[in-house]
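Participant: Right, I'll just put the structure down here and ask away after.
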Amino acid sequence: MYRPRSMVSPSRFFNPFMVALIVIITVGLLAMTAGLLIHFLAFDKRAYFYHSNFHILNVDYTEALNSPATHEYRTLSERIESMITDAFRESNLRSEFIRTHVVKLRKEGSGVVADVVMKFRSSKRNNKKAIKTRIQSVLQRLSSSGNLEIAPSNGITSLTDQDTENVLTQECGARPDLITLSEERIIGGTQAETGDWPWQVSLQLNNVHHCGGTLISNLWVLTAAHCFRSYSNPQQWTATFGVSTISPRLRVRVRAILAHAEYNSITRDNDIAVVQLDRPVTFTRNIHRVCLPAATQNIMPDSVAYVTGWGSLTYGGNTVTNLQQGEVRIVSSEVCNEPAGYGGSVLPGMLCAGVRSGAVDACQGDSGGPLVQEDTRRLWFVVGIVSWGYQCGLPNKPGVYTRVTAYRNWIRQQTGI
């Protein structure tokens, strides 16, 4: 009997090309859906900054509230920041609120007014005016907390990102995380990035890096006296700003060099100088001043500090062109002066810092540069000036720095700061 040849039904098998095409389209659609979801959940949000002021009703203004270096200024600012933070964490804005920061405490009558910047993160689609109204509503409910009575301002002002940067760079000691009121604090690696240490200065002799320095105002740089032992003519010197010594962001001539009159090149005592710039620098995100400590500020042994500069990476090596950073710890003078260390050569006006293994240290070319520490409000203070040491990075031979607190009055006498 004739049996026709069986035919393969096209409905039972797919062309491999069609299968691959369907898989690709399906994966693409899933990826697009996931991308849109991520975008709307995360990238759809943006930061909003606001400024307000608060009258502290039960605190009298004193001179101690004139500087962020004092215990009184720091304590009151932290109490105000904590009070505002708690208010938003307990409100319906808890998911939008990021951070607040007291920019300045100022006198009004006999009382104190706190200028405050606040950061929120919300969807770009939200009504900006409605957010502002909700913020104002929370602030109006502030009254007292921890024996602190606050009368909030009747209004708040919206700030652009640039406005916020302009406000916060007028404050001393602000690194990028504070300028953006970020929750992140990252200091890693050995090479600094643009803006990481905005007060770092390269003091250049005939346009070649010779010493480091620290910007302490728009006109003055703090450095070491030994930098000028052989070259004290201001006309030979320039100050540059930025992470690179060969392509700086800014170059300014030096007007005057004021080294400590009692600097001793043998004992290295009083190794401190200030340099007056030929013109004031304009503070920006990447160039602004560090905070000076109070004369009474206590520098605790084993506390973390950072040293920065363009010095050589090994003893006897060449200086580098890109700014380097190193994490060290404060070493007590007693330990530093032990026989295995410096055997009594570390004087009261000096400060030791390093690591036990000796792996991180200042070296040639770092002289005059800053040793800085961060306080509890993320403000940075210069506590030391790179001065001397035995070679570089040896165990039991930490770097020796001029102790800035010991010369706080001298700095004020020379600069008015």
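Any Cβ shown, glycine's included, is placed from N, Cα and C.
The active site, charge relay system feature in Swiss-Prot is assigned to HIS226, ASP271, SER367; the stated evidence is similarity to another entry. According to Swiss-Prot, the disulfide bond annotation covers CYS211-CYS227, CYS336-CYS352, CYS363-CYS392, on the basis of sequence analysis. Per Swiss-Prot, domain 'SEA' is recorded for 46-162, and the stated evidence type is sequence analysis. The annotation domain 'Peptidase S1' is assigned in Swiss-Prot to 186-416. Feature annotation from Swiss-Prot assigns topological domain 'Cytoplasmic' to 1-17. Here Swiss-Prot flags 39-417 as topological domain 'Extracellular'. Feature annotation from Swiss-Prot assigns transmembrane segment to 18-38; the stated evidence is sequence analysis.
Could you place the listed features in the three-dimensional structure?
Facilitator: DSSP assigns HIS226 (active site, charge relay system) to a helical segment in the three-state reduction. Long-range neighbours of HIS226 (active site, charge relay system) (same chain, six or more residues apart, CB within less than 8 Å of its CB): TYR263, SER265, ARG268, ASP271, SER367, SER387, TRP388.
Within 10 Å of the C-beta of ASP271 (active site, charge relay system) there are 28 other C-beta atoms, taking all protein chains into account.
Within 10 Å of the C-beta of SER367 (active site, charge relay system) there are 23 other C-beta atoms, taking all protein chains into account.
All chains included, 27 other C-beta atoms sit within 10 angstroms of the C-beta of CYS211 (disulfide bond).
Around CYS336 (disulfide bond), the C-beta neighbours below 8 angstroms that are at least 6 residues distant in the chain are TYR342, VAL346, CYS352, PRO398, VAL400.
The local packing around CYS392 (disulfide bond), expressed as other Cβ atoms within 10 Å of its Cβ over all shown chains, amounts to 21.
If you average pLDDT over the topological domain 'Cytoplasmic' (1-17) in this model, you get 43.
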Participant: If you draw a 10 Å sphere around the Cβ of CYS352 (disulfide bond), how many other Cβ atoms fall inside it, taking every protein chain shown into account?
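Facilitator: 26, counting other Cβ atoms within 10 Å of CYS352 (disulfide bond).
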Participant: Whole-number Å only: compute the distance from the Cα of CYS363 (disulfide bond) to the Cα of CYS227 (disulfide bond).
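Facilitator: The Cα atom of CYS363 (disulfide bond) is 14 Å away from the Cα atom of CYS227 (disulfide bond).
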Participant: Looking only at Cβ atoms, how many others are within 10 Å of the one on CYS363 (disulfide bond)?
Facilitator: 26
